[in-house]
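Beneath this line is the structure, given in structure tokens, with notes to follow.
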Amino acid sequence: MKLLFMYLLPLLYIAPILLAVAFLTLIERKILGYMQHRKGPNVVGPFGLLQPIADGVKLFIKEPIRPSTSSQLLFILAPTLALALAMIMWTPFPLPIPYSNLNLSILFILAISSLTVYTILGSGWASNSKYALIGALRAVAQTISYEVTLALIILCSVLLAGGFTLSAFAISQEFTWFILPLWPMFLMWFVSTLAETNRAPFDLTEGESELVSGFNVEYAGGPFALFFLAEYANILMMNTLSTIIFLGSCMSSLTLTTSLLMTKASILSLCFLWVRASYPRFRYDQLMHLVWKNFLPLTLALVILYVSMPISLLFTPPLPWKRA
């Protein structure tokens, strides 16, 4: 029985994430529909609730077409690896108990998220299509650029939390959320997560007018669905990480902790979708100008400020107080 549970545990961990990803796509289509004064999916099942299941079945029963000039092994390996990395990133998350409690969990998440670059680059190169390759190179440059600011913001929050574990963030935010002292960091973090997950207005990799569909232009059926699942799993993961780092969590009971974490992450995910419905796509030079000439100097200045403030106040006497 214990052996069976050991094999079933990863499945029990992955299944709810995939289910959440499926319904996130439905919520996105519904929100975009209502923002454009239309209904969105409303045919399959009650209120269109079974639309993601129908889409998944449709994609996986389609014939997997592979270009004859493509690198066959890498072409199939790239989407599989993308989804595998997206699932691995969830292991240190306290939901409320982590599947794998790591000492350096925040660095582990950052390292695995940077590995997703190789899946995008691999898919673009293996497709043997100029559109896919240009889209992949854009995605790689964009992801690497915005990871610099993400790492600096994480460094600053780690200095305040006093540890690299995600549970340390929950404990240190018991009285005050980090979003209050770090609100400029949070705004830059939110924009950087949009760019990191290749979402609008930073979806330069999928510029229809110039790149058809981006790095996954040659994919259809099952492999395309794997890329789709990986993208939305990364969106949910980034929003959950934003919640843990900046919006704290309740430590009173496990059920309340999970409910509040899910609610805050859902609200941030809705903000992602709202941004997509509201803003046009950036030009590529504007995208790079934003990170290298605006975000990077500002995050460096704020990191120096947050590091130097405690040191500068180290030898000052404590504030006088009177006994009541």
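Placed from the backbone N, Cα and C atoms, the Cβ positions cover glycine too.
Sequence-distant contacts of the transmembrane segment (3-23) (same chain, at least 6 residues past either end, Cβ-Cβ under 8 Å): 52-53, 56, 87, 90-91, 99, 229, 232-233, 236. For 3-23 (among others), the entry in Swiss-Prot reads transmembrane segment.
Annotation comment: Swiss-Prot describes 73-93 (among others) as transmembrane segment, evidence class sequence analysis.
The transmembrane segment annotation in Swiss-Prot covers 106-126 (among others).
For the transmembrane segment (151-171), same-chain residues at least 6 beyond its ends with a Cβ under 8 Å from one of its own Cβ atoms are 92-94, 98, 101-107, 110, 178, 181-182, 185, 188-189, 192, 244-246, 248-249, 251, 257, 296, 299-300, 302-303, 306-307. The transmembrane segment feature in Swiss-Prot is assigned to 151-171 (among others); the stated evidence is sequence analysis.
Per Swiss-Prot, transmembrane segment is recorded for 175-195 (among others), and the stated evidence type is sequence analysis.
Among the features that Swiss-Prot reports, transmembrane segment is placed at 226-246 (among others).
Counting same-chain residues at least six beyond the ends of the transmembrane segment (255-275), those with a Cβ under 8 angstroms from any Cβ of the stretch are 24, 27-28, 31-32, 35, 94-96, 170, 190, 194, 199-201, 235-236, 239-240, 242-244, 247, 249. The transmembrane segment annotation in Swiss-Prot covers 255-275 (among others).
Sequence annotations record features per position, and here Swiss-Prot assigns transmembrane segment to 295-315 (among others). Remote same-chain residues near the transmembrane segment (295-315) are listed as 146, 148-149, 152-153, 155-156, 159-160, 182, 184-185, 188, 191-192 (criterion: CB distance under 8 Å, separation of at least six residues from the stretch ends).
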